[in-house]
Amino acid sequence: MSAASRDSSSAGCRLYLITPPRFAVTRFREDLAAALDAGDVACLQLRLKDATPDDVKRATETLMPVCHARDVAFILNDDAGLAHALGCDGAHLGQTDGDHAGARRLLEGRILGITCHASRHLAMEAGELGADYVAFGAFFPTDTKEVVHHAAPEILEWWSQMMEIPCVAIGGITAENCGPLVRAGADFLAVVGAVWNHADGPEAGVRAMNAAIGAA
Ligand SMILES: Cc1ncc(COP(=O)(O)OP(=O)(O)O)c(N)n1
Ligand SMILES: Cc1ncsc1CCOP(=O)(O)O
Ligand SMILES: [Mg+2]
């Protein structure tokens with residue numbers, strides 16, 4: 001999850017996959033393996049908003065080995081303590097997901113990503129705190145989450161020209177619309193629908209995203 005060298009092309013930009021909001025773990029295990037085998041994926045974020053800690057534990061125990069077998073980092077959404085307890089590679093925290101500084105200490109040596117919406121100020125704060133990446137969005141309309149913050153590619157350009165810390169773009173990103181985000185300097189494109197809801201299936205979704213990143 002570190003940014004490789006950055007230039008004005010797509011070099012270094014990678015796919016950041018997020019799970020669908022709901023799934024049956026046993027079946028999803030196979031879908032995930034197939035998706036990860038279809039092309040480059042830097043990490044998987046387990047994002048189960050309505051699940052109990054036990055559900056998250058079961059999903060992690062099933063899915064993390066699938067990721068690790070393919071050298072894909074496994075990041076847990078929302079809960080740094082649970083990410084630590086379950087041995088995840090890191091956690092992604094939003095602005096209301098607890099104590100960022102405490103999470104940074106707890107997850108020493110692991111990945112900590114922080115949602116910064118469309119705010120330069122929040123991104124600077126996250127950087128100072130030691131975040132491994134900052135996430136900006138939403139860039140496009142999305143059916144996956146009700147969003148109140150809307151970002152434009154300029155924030156990626158501003159951040160990537162100024163800072164070494166990688167930036168993630170999120171929100172309604174597809175193979176068709178991602179070009180400007182890659183060219184603006186996004187290090188990772190985080191997607192749900194573009195892969196899991198792809199008309200030809202998740203494998204086609206991963207292939208299409210990687211082709212679009214490469215062509216940007
Ligand atoms: C990579 C990435 N970026 C942003 C988010 C959104 O996090 P948050 O604002 O906490 O919203 P929820 O995902 O918790 O609904 C994310 N999950 N991942
Ligand atoms: C979790 C999240 N945070 C901002 S937009 C979003 C949803 C991303 O999903 P999709 O790629 O389907 O728009
Ligand atoms: Mg959150």
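Including glycine, each Cβ sits where the backbone N, Cα and C put it.
Nobody curates TrEMBL annotations by hand; they come from automatic prediction.
Sequence annotations record features per position, and here TrEMBL assigns domain 'Thiamine phosphate synthase/TenI' to 15-195.
Using a 10 Å radius centred on the Cβ of Thr115 (4-amino-2-methyl-5-(diphosphooxymethyl)pyrimidine binding site) and all shown protein chains, the other Cβ atoms total 23. The 4-amino-2-methyl-5-(diphosphooxymethyl)pyrimidine binding site annotation in TrEMBL covers Gln45, Leu46, Arg47, Leu48, Lys49, Asn77, Thr115, Lys145.
In sequence order, Arg47, Lys49, Ala91, His92, Leu93, Gly94, Asp97 are the residues of the chain that are 6 or more apart from Asp78 (Mg(2+) binding site) and have a CB within less than 8 Å of its CB. Residues annotated as Mg(2+) binding site in TrEMBL: Asp78, Asp97.
Close contacts with ligand 1, defined as a Cβ under 6 Å from any of its atoms, occur at Thr115 among the binding-site residues Leu46, Leu48, Thr115. There are 9 other CB atoms within 10 A of the CB of Lys49 (4-amino-2-methyl-5-(diphosphooxymethyl)pyrimidine binding site), with all protein chains counted. Counting only same-chain residues at least 6 apart in sequence, those with a Cβ under 8 Å from the Cβ of Leu46 (4-amino-2-methyl-5-(diphosphooxymethyl)pyrimidine binding site) are Thr19, Val56, Ala59, Thr60, Leu63, Phe74, Ile75, Leu76, Asn77, Cys88. The most crowded of the binding-site residues listed here (Arg47, Lys145) is Arg47, judged by how many other CB atoms sit within 10 Å of its own CB.
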